[in-house]
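Asks: Quick one: this structure, given as structure tokens, is what I'll be asking you about.
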Amino acid sequence: CVFPFTYQGKKHFDCTLHGSAYNWCSLEEKYSGKWKYCTKDDFAPCFFPFTYDHNLYHSCTTHGSFIKRAWCSVTANYDKDRAWKHC
């Protein structure tokens, strides 16, 4: 997988279900038909430290989570990219 990749004008920082019942990823920065289904090893890892709400985090946080479930950014700047996953 290549992250981030662009598919139909949208930038993806992790595997996606877009147009599929199974998670997949592009094998090129700009999707051109080369892809694969994701395995557990393909999903983007947490990126530390990351910026959220103008604060720097060095581990998963529950800040901003309505259900208080820990999460992390998969890029250096969540405020800019809005790419995240649960921890």
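Every residue, even glycine, has its Cβ placed from backbone N, Cα and C.
The shown structure was predicted, so the numbers you read here are calculated from the model rather than taken from an experiment.
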Asks: Looking only at CYS1, CYS15, CYS72, CYS87, which is named in TrEMBL as the disulfide mate of CYS46?
Replies: CYS72
Asks: According to TrEMBL, which residue among CYS38, CYS60 is joined to CYS87 by a disulfide bond?
Replies: CYS60
Asks: Identify, in sequence order, the residues in the chain of CYS46 (disulfide bond) that are 6 or more apart from it along the sequence and have a CB within less than 8 Å of its CB; answer 'none' if there are none.
Replies: CYS60, CYS72, SER73, VAL74, LYS85, CYS87
Asks: Based on DSSP, tally up the residues of the domain 'Fibronectin type-II' (1-40) by helix, strand and coil.
Replies: 0 helix, 14 strand, 26 coil
Asks: Within 10 Å of the Cβ of CYS72 (disulfide bond), how many other Cβ atoms are there?
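Replies: 20, counting other Cβ atoms within 10 Å of CYS72 (disulfide bond).
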Asks: Could you check the disulfide-bonded residues CYS60, CYS87 and say which one's CB has the most other CB atoms within 10 Å?
Replies: CYS60
